[in-house]
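Engineer: Here you go, one structure.
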Amino acid sequence: MEKRNTYDWVTRWVIASFSILTISYMITWTSISNAYPIFAQKSYESPREATGRIVCANCHLAKKSVEIEVPQSVLPNSVFEAIVKIPYDTQIKQVLANGKKGGLNVGAVLILPEGFELAPSDRISPEIKQKIGNLNFQNYSPSQKNILVIGPIPGQKYREIVFPILSPDPATKKEVNFRKYPIYVGGNRGRGQVYPDGSKSNNTVYNASATGRVSQILRKDKGGYEVTIENISQGRSVVDIIPPGPELLVSEGDFVKVDQPLTNNPNVGGFGQVNAEIVLQDPFRIQGLLVFLASVVLAQIFLVLKKKQFEKVQLAEMNF
């Protein structure tokens, strides 16, 4: 009988532990997926609008800087680095989905010209592989190999993201030409303020939905508040729900106006985008340039020799 009770207890413990782990995983996954390229991939056919704006800015409302470094020109069918830099102060903490504070994650989208794509592993040099680390890049969609996304990844470790890029060869891809091409990049640090469905995250400011007096502030067991605002002139009251994370700025008895902030703005991150240019260089043009430069150098050498020969002749005539 004692053995059976022990078995039942162990069974219940295993089931309870599994349930807790499952819930924790779902919360963590929700926290991660609610902020980064997965939303753009699901909601937008292209990450760049006709106006030139990258769609990540629709959810990450604060503007921050981002940088990109690419070679001025590349040869066809060659691997090069596109380095995206997402600078921020690593000492700051952001509000997580559960209302607690934690480090910032980063994400990036790299929009390359048609024909450019992520370099296959066997074409990447050991030096570039070391810079990449354990990063896992994705195509924006199966048909858009020239658009790469990554994130969320720890910003503490990856404020610089190295994309290994393979340039196209016009000899095999007729739609590609030797010319200058634009590159677009967007990068964010921290979570977004708005979800694609228009709802707010807990990483933004919450405003009063009505004008009136704050009659009650109820602190919820799992964090957050219910703020009751009484509008005496209209004889009604509204309840504004504030999730865990933002800090409350009002107290009971305060008079507030519609759209007045009830909380601070906890967001410490933001999104930025920048453009760059790269030239797909024709190797025969480079060879022609080298031949031209060599001919110029040789011409200069011959001129110097001819000048010295002429000076010797003049000197000999003067001595004669």
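Cβ from N, Cα, C; glycine included.
OK, Swiss-Prot features for this one:
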type: BINDING; residues: Tyr36, Cys56, Cys59, His60; note: heme binding site
type: SIGNAL; residues: 1-35; note: signal peptide
type: TRANSMEM; residues: 286-306; note: transmembrane segment
Engineer: When you measure from the Cβ of His60 (heme binding site), how many other Cβ atoms are you left with inside 10 Å?
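Structural biologist: 27, counting other Cβ atoms within 10 Å of His60 (heme binding site).
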Engineer: Six or more residues out from either end of the transmembrane segment (286-306), which same-chain residues have a Cβ under 8 Å from its Cβ atoms?
Structural biologist: 75
Engineer: Fewest other CB within 10 angstroms, which one of the binding-site residues Cys56, Cys59?
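Structural biologist: If we count Cβ atoms within 10 Å for the binding-site residues Cys56, Cys59, the smallest count is at Cys59.
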